[in-house]
Every structure is written in C-alpha cells, then in structure tokens.
Amino acid sequence: MEFIYYFGDVFTPVNFLLLLVGTIGGLILGATPGLSPTMAVALLIPFTFHLEAVSGLILLGAAYTSTVAGGAVSAILLKIPGAPANIATTLDGHTMAKKGEGARALQLSFLASAVGGIFGVLLLIFLTPLLAKWALAFGPSHLFWLAILGVTIIGSLDSASVVKGLLSGCIGLWLATIGFDDIMGAQRFIFHSSLGGGINIIAALIGLFAIPQVLTMFAKGRRNDNIEVIEVKKHAIGDAVRELFSRKRALAIGTAVGSFIGLIPGVGGQIAGLVAYDQTKKFSPEREEFGTGHSEGVIAAESANNAMVGPSLVPLLTLSIPGSPTAAVLLGGLLIHGIFPGTDLFDNHPEVAWTFINSMLIGQVLMCLFGLYIAGLAARVAQVPQSVMAAVVLGLSVFGAYSVQSSMGDVYVMAALGVMMFFLERFGFSAAPLVLGLILGPIAEANFIQGSMIANATDGLGSYFFSGGLNLILIAVVIASIIYSVMMELRQNRAQTVGVEA
Amino acid sequence: MNRAQHIIPSGIVFFVGVWIAWVSFTQQPSEAFLFPRLISASFVALSGWTFLKALLGWSKIGSGISRQMAVNLAPGLVVALLYVFWLAKALGFYTATALAFFVLLSLYDPAPHDNLKTWSKRGIITACFIAVMYGVFGLLLKVYTPREILF
Amino acid sequence: MKKLLAGAAMTLMALTGGAAQSQDYPDRPIMMMVSYGAGGATDFQARIVTMTAGNEDALGMPIAIINKPGAGGRVGWNWFATQADADGYTLAAYNIPHFIAQSIEGGVEYGADSFEPIANWGADPAVFVVAADSEMNSMDDVLAYAKENPGKLTFSGAGLFVGHHIAALQLEKAAGVKLAYIPTKGGGTAAMKAVIAGDVIAGVNNLSDAFRAREAGNVKILGVFDLERNEFLSDVPTMKEQGLDIDNASVNFRGVMVPKGTPQEVIDKLAATVPEMFANDRVAKKMKAGGSPMHIMTREEVQAMWQARQATLEELLAGL
C-alpha cells in the first residue's frame, strides 16, 4: 500500500500541469496519422533534460498512455490506425463511423481504454514481482510459438475469402524480410536503395491504410450528386457507460489478453489489440456481426491496447529490461537523471517510482474525461468534404512517414505500398492481415533462428521447441486456433450453399 | 465485373510470388534465406490458386474498378504521385504540400470553378492547412524536412 | 534578355548554393544519425553529449538525433555512406569496432575510408556476465565448464560483427575452446534479457548496461575485455589478469563522424569545437550518473585509432 502515500505528489502544480499537458498533447499527437507512441515519447525526451526526474517521467508516461488511446480517433474516423496497436479498432470502429455512429464508437473506445488502462496499472502496482517472473518465462521458443499463434489469426481477420486473407498475410510476411537480415546481416530483396533499411512498420501502416482511403475518395469524383452527407448522430455519455458494462465479455477478454501480451518483452502492444479482437469474436454468440460495426469489436481492441501499457513497464521497472521500444525510451528518461530501474528505483527513489505509477493511474482518468469531451466534436470529422479530407490525409501521410526517421525512402515505400494496396483491396485482399504478417514475420524469424542456434548447441531442435509446459500449452492453443478456423470456414460454406439452394 | 479484371492483379501477385521464390532459393547464405523460402513457398501456392480461380472465372470477391472510377481517379493519382515521388524532395515539403493540396482541392471540389469566391476559399483552406502542419511538425516536433526552394 | 536570365540564374545559385558556404557554418540546426534504436546505449549517450551543442561557446546550433536502427548498425551506416548530404549538417555516431568489422566481413557499402572522424566521446568495454544465481564465479569456472562441454556453453551478444562478437572470438581464440555464441536481434538489451531469463548460460554485454544490471541485482560480472580495470567496476578483473591473452580490440568506441566529401573548413571547425563540447561539466555529470564511461579523443587521435583497429580486425577476422 506504499503507493497511496505518494498520491499527493501527483497533484503538485508542476506535476499536475505536466500530466495535463502530456495527456491532452498525447491524445492529439496520437490522433494524427503517422505519429506512433514511440515517436511521441522520443520527441519529448529533450524536454525532460530540463525537468526533475519525476516530472519528466510523468510527462513521458502521460504521453505514452494517451497516444495509445488517441490512435483510436483516426482509426475510427478515418480508418487510419495511429499505431499498430489500433489496427483492430478500424475493423468495427470505422464501420460504425460510416453509419454516423462515430460519437458512440469514440465514447466506447475511450471508456474501454480507461477501464483496460486502469486495470493494467493496478496489475503493475500490486503484482509486479510475480509478473516479472512470468515475463522472463518467455524464451525464444515460446515467442516463436506465440508469433505462429498470431499467424493462425491471419486467415480469419477481416477478409471475405480465407485464401485471399492468407495470401495478404504472406505478402506481409515477405515484405518483412526485405532489407538486412537482423541476425546474419545478409541483404535480402533490396532492389531499390529506399529498401536498404527494410520496410518501416509505421510508414507501411500509413501507406496501407491511409493511401487507399485517399484514392477511394478520388475515385468518387468531383460530382456532387452522389456524395452522401453522413448524419452524425449524437450519443449520450451515460448510454455509452451503460453499453460498455453490458458488454462485459468483450471488456474482460480485451483487458485480460492485453495485460497478458503486454507483459511479454519483445512482442509488446503491437498485436495485443488484434489478438483480443480475434478472441472476443471467437467467444461471442454474435460473431457474424463483427466487421459490420459491432461495438464489442471496438471495446475488445481498445481495452486491450491500453491494458498492455502498465504490464509492459514491468520488465523495465523491475529488471531494467525495456520490453518495448517505448519502454526503451523511458529507460533513457530515467538514466539521464542517474536513476537505475530495479531495486535501486524502488528502494532509493520510491517517490520517483510511485509518483510515476500513480500519475499513470490519474492520467487514464484524465485521458478518458478529455476524450469523452471531444468525442462528439471529433465525430464531425465525418462531415468534412471529401475533397478537403483526401488532400489533408495525403499531406499528413507524407509528413508522418517522413518524420519516423527523417527519411525520404520511407515516404516512397509508404506511397508505393499504398497505391498497391488500393488496387489489391478492389479485388478482395485486405490490409489488416498484411500488416499482421509484417509485424509477426520478424518476431517469428528472429526467435526461430536464435532458438535453433541455442538448440543446436544444447539438446537439439526437437526437445527445445516441443518440450516444456509453456511450449506445449502454446502449441495446443495454436492447434485449437487452426481447427476452429477450419470449422468456421466449413460451416460458413455450408450455410452459403444452403442459402443458395433455398 | 469481368474476368480480365481479376486475372491481371492475381496474375501480377502470382508472378511476384514466383520471382520471390526464385530469389529465395538461389541466393546465399542459405540460413538467411530459410524463412523467405518457407514464406515464398506458401506465397506461390496461395497465389497460384488465386490466379487459377481468376482464370477460370471463379473469383467473385471484390468490386473491381469501373471505367467511371478510373476516369475519376486518374488526375488525383497523377498529382499525388508527382507530389510524393518528385515535388516533395525537389521543392521542399511545405512548398510542395501547399501546391499539391491546392491542386487536389481544386480538382475534386464540387463548387463551380468560375467563381472568385470558391478560389479564395480554396486558397484559405490551403493556407490554414500548411500553417497547422508547420505548427505541428516544424515548431512542436522539430522534424527536419528537406530544404525549401523558396526560403 | 540573356543578361536578365543569367542574372536570375546567378541569384538562384546564390540563394541555394550560398548556404553551403562554410564561413558562417552552422547557420541552421544539425542532424545526427544514430544507427541504433532510441533508448539504447549509443542513442542515450549521443543525446547527452550533444545536449549543449546549442550553447554559444559550442556550435551555436542544436543537434537533433535521428535513429536509423537495423542489422547491427548496417542500415544506418549504409544510408550515411550512400545517401547523406556531405554538407556538415548531417553527422553520424560511429561505433568502433562494429562498422569496421562489418566492412571487412563485406556486404555493406562503407568502409573506414567512407567517413571522416570528428571526435570520440566514449569507450565502453565489453564484459562477460552470468545470471546472479549462476554457479560460475570467475572466468576459470566458465572455461572449465566449456572444456567439459565443448560447443555447449551458450552465451549471448548484440549481433554478428559488433564489439560483442569480436570479444567472443577473442575469448574462443585465447582460451582455445569452442563456445556457442548466440547473436540476438534487438541489441544489448535483448542479449542481457537472455542472460537474466536463463535462455543462455552467459553473455557478453556493454560495461554500462552490465553495471546497471548488477546494481539491480540481476547479474554477476566476471571479466572486462580491456587492458585495464574500469573505474566503474574496480572490483572486476580484466581478462588478462585471469590469464587470457585478450587486448582492447572489442572496446566499443563511440564518437562523431561526417561523410567523406564534407568541406575541409567544416571538418576543421567541427574538429576544433566538438571535443570542447564533450568536455562540458554538465555532460560529464550526466554521463557519470548514467553509468557511461567517457573517453574524449581528438580527430587526429581517432584517425590513428581507426587505422590500428582496421589492422587488428583484419587479422582477427581472417581466420573466419
């Protein structure tokens, strides 16, 4: 209960002001297509040089929390996920916005984020020592199986055809191999100098989601008569709260999956939203409605990607191992003040550790309040004329892709992938499985190669990858996931045939 | 939608798959190409199946591209590509973005072109957008964009 | 008319080319590329040593850090050698022996003569670590295990042809045993995680990161791959003290460089100012607080060091 003692420190004028600035600024940056949480946090580092250790961390922590939640805004309103964490939010969120329910989708997403986020931070407060052991239990073989589990989701994710879904995933997996191979250093598929650094995931994300949106708007043409003005329905916050708690299953699965995956170093928050979405869909009696603007989809995805924030800091704060790129940046923010995460942090600087953690708790509440406040206003984005919207999104895409690592190459890759995706989408391919492939490919490959090197030196491939409790559990889940997908596919085919005959 | 429309994209994807497979299986060192080999094998199988389905006319998913769509899309696509692949670097980000933004707005704005008011409105929207972009990327985030040609 | 055109062309050239003139260098902010991820040791140190660049007695213009991580640094340095503007406004951080070892191994488009060194700020030796609960307490224990189980002692490091790998090769050569070096993706932190989690038996890591991990109670440090003991770890013996003939070829020197072709006046100006900038008191304090050993060297000293490393590494890697 030590943490309660430090709650007062969050409310000193300077700290609270920074928390407010970090939260609101983070929401806005997160909602800007192309600015990922890692980038937002990295860009803030120079400011923290001049602040006290606690204040600097509060600023970074607030920005981290709220950029993740802010990414949902552009995912819902524009079908452009702000970060890999928000991909799953587009699937149902954007369909809701197209029906004029943008305000409802945004309110649900902020409420779900806050519930997930608070749960995640509470885990961090109460279970840190236990969780640290759990985070370390995942070695290369387990991470490999976890990535394979992700691959099994690909086929069923947002695609009318399983084969085209899988093929989209394969394209993503291949794109991920472009560039220097990370372990051997061999050059692979570098047929243009822009590809030397491989395909940057953020640039790819912008291209694959934003550019097809822009081109679709162009393709509708200049004529006014066929442009449907979306009526943006008002939605009472009270209704959103009631709806959230009537969707307990989605909220519970999202929060649990997000906390669990967020904990594992190296896999991080990128896939938490997608896995939670997929699991909620599989357990829902209304699974047919996923993808058509079903609120469970938004709730699961958003509760998961904020629930991951707290646990993702466990390996950093206890073991000094940053589990994600964002955590690595936070580590820099601590070191610059001469504070070493681990026992040093909690024993010698408890005021830093606990004030920081508490501020994340308060930050979640502030984020939710502010988000709900702007939800109604933001939903009006749907009414911006298409000609303006297309040009705005194109401009943002170019700036966003460039600012990831100040590289023109990323801009070219972004545009090329985007134009390709526009045409592929017209023929039944889809972007979500492609991005999932792009994210999972490197995780699966690096862990397989590293695992097989360890295995070859010790007890052989077979026993390294196929024995041990955790391996076997993960393999069982992979097999169950495959069987489930095949069964669903068969049932769907039969239903269609029956439908045709009738 | 006609069969040819499905054949072209699935054919391209299939040939990309074959090319990837060929590269993966011929390049060295083989350890570094283990994963590309696995991926390209599944790639070829899946894309081959899709291509075959398209050839036989079994592909039904996706709405294809109509003539009207292509006509609508062409000018915007050309401007967008010029902007991204050439102007952004040659003129500097802010200059090129202002130019492309204004042209695209004029191309797709349904308001009539013979009215001074619509033109000034387009100019104002462009100026506002560039101001916001400069505020966010130039001042707040301090992103170092390529040098502008005019200033 | 012709005159007018010529005049316009002159003005344009003056406008665009004028800024490249080096008398008033620098007249706009400078970018520095780090070929490792944000938050890593190189990135962290680069941010500290450049934080005073905007002061009037330093460069008078701020330096912004840009990260281009990937493949042990190859991605960033390749970009720097082939695509960066040689106008003095694009600097990069170098890591020795990493980029020299990679250029000897091949498959990259840079070598020691693609870059012009400016100054060195730090020297971070590699150290040998085992988990805190390990039964090994000295290099003797490690080598005894390795001799009993040839090729089975797994130990992690940040990648192939980086400082850790060089240290690993030197260890194998000096002890005359076969070990299983496991390169990780994700740099020193991933390699450290593998040691703490028990994925591997031991590891080679940066002194600065290992020092921190030891403070947190996660690892034991058994030896330093350097000629002398380090001030941060005065209780840890060098490899030589433990009877292994290993020099400082794997010590990770970090500093600033520019691409070949940068105007000489710009190089001179940087070479004169940057070491002063590194020597700033605030910088030294922050570096010490972060557990990062400093080692300031001038351009001439760095040039000599690069040449020496090139020769040593060519000899060491020739056997591969």
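Placed from the backbone N, Cα and C atoms, the Cβ positions cover glycine too.
What TrEMBL records for A:16-45 (among others) is transmembrane segment. Outside the transmembrane segment (A:16-45), and at least 6 residues removed from its termini, the chain residues within Cβ reach (under 8 Å) are 10, 51, 55, 58-71, 73-74, 78, 80, 82-85, 202, 206, 210, 324-326, 329-330, 332-333, 359, 362-363, 366-367, 370-371, 374, 378, 393, 396-397, 399-401, 403-404.
What TrEMBL lists as domain 'DUF112' is A:17-436.
The feature transmembrane segment is assigned by TrEMBL to A:105-127 (among others). Sequence-distant contacts of the transmembrane segment (A:105-127) (same chain, at least 6 residues past either end, Cβ-Cβ under 8 Å): 3, 65, 68-69, 72-73, 76-77, 89, 92-93, 96-97, 235, 237, 240-241, 243-244, 251, 254-255, 258-259, 262, 295, 298-300, 302-311, 313-314, 317, 357, 360-361, 364-365, 367-368, 371-372, 375, 378-379.
If you look up TrEMBL, you'll see A:134-155 (among others) marked as transmembrane segment.
Annotation comment: TrEMBL describes A:189-211 (among others) as transmembrane segment.
Residues or ranges marked as transmembrane segment by TrEMBL: A:251-277 (among others). Within the same chain, residues 68, 84-89, 91, 112, 115-116, 119-120, 123, 131, 134-135, 138, 143, 146-147, 149-150, 153, 157, 201, 244-245, 283, 290, 297, 299-312, 314-315, 321-325, 432, 436, 439-440, 443 sit at least 6 positions outside the transmembrane segment (A:251-277) and bring their C-beta atoms closer than 8 Å to a C-beta of that stretch.
The annotation transmembrane segment is assigned in TrEMBL to A:316-340 (among others). Same-chain neighbours of the transmembrane segment (A:316-340): 37-38, 41-42, 45, 48-49, 52-53, 56-57, 60-61, 64, 124, 128-129, 132, 135-136, 263-266, 268-269, 346, 349, 352-353, counting only residues six or more beyond its ends whose CB sits under 8 Å from a CB of the stretch.
The annotation transmembrane segment is assigned in TrEMBL to A:352-375 (among others).
Nonlocal intrachain contacts for the transmembrane segment (A:387-405), taken as residues 6+ away from its ends with a CB within less than 8 angstroms of a stretch CB, comprise 32-36, 39, 78, 80, 197, 200, 202-203, 206-207, 210-211, 213-214, 217-218, 222, 381, 411, 413-415, 418. What TrEMBL records for A:387-405 (among others) is transmembrane segment.
Listed as Cβ neighbours of the transmembrane segment (A:434-455) (distance under 8 Å, sequence separation of 6 or more from its ends, same chain) are residues 84, 87, 139-141, 143-144, 146-148, 150-151, 153-154, 157, 168-177, 182-183, 199, 201, 204-205, 208, 266-267, 270-271, 274, 421, 461, 463-465. Annotation comment: TrEMBL describes A:434-455 (among others) as transmembrane segment.
What TrEMBL records for A:461-484 (among others) is transmembrane segment. Outside the transmembrane segment (A:461-484), and at least 6 residues removed from its termini, the chain residues within Cβ reach (under 8 Å) are 137-138, 141-142, 144-146, 148-149, 152-153, 282, 451-452, 454-455.
Beyond the transmembrane segment (A:352-375), the same-chain residues lying 6 or more positions past its ends with a Cβ under 8 Å from any Cβ of the stretch are 2-3, 5-7, 9-10, 15, 19-20, 22-24, 26-27, 53-54, 57-58, 61-62, 65-66, 69-70, 103, 106-107, 109-111, 113-114, 117-118, 121-122, 124-125, 237, 240, 306, 309-310, 317, 339, 345-346. Packing against the transmembrane segment (A:189-211) from elsewhere in the chain are residues 33-34, 36, 39, 78-81, 83-84, 87, 90, 174-180, 270, 393-394, 396-397, 400-401, 404-405, 407-419, 421-422, 431, 434-435, 438-439: each is 6 or more residues past its ends and has a CB under 8 Å from a CB in it. Using a Cβ-Cβ cut-off under 8 Å and counting only residues 6 or more beyond its ends in the same chain, the transmembrane segment (A:134-155) has close neighbours at 162, 165-166, 168-169, 173, 263-267, 271, 274-275, 278, 311, 314-315, 319, 323, 433, 436-437, 439-440, 443-444, 447-448, 450-451, 454-455, 464-465, 468, 470-471, 474-475, 477-478, 481-482, 485. The domain 'DUF112' (A:17-436) scores a mean pLDDT of 85 in the predicted structure.
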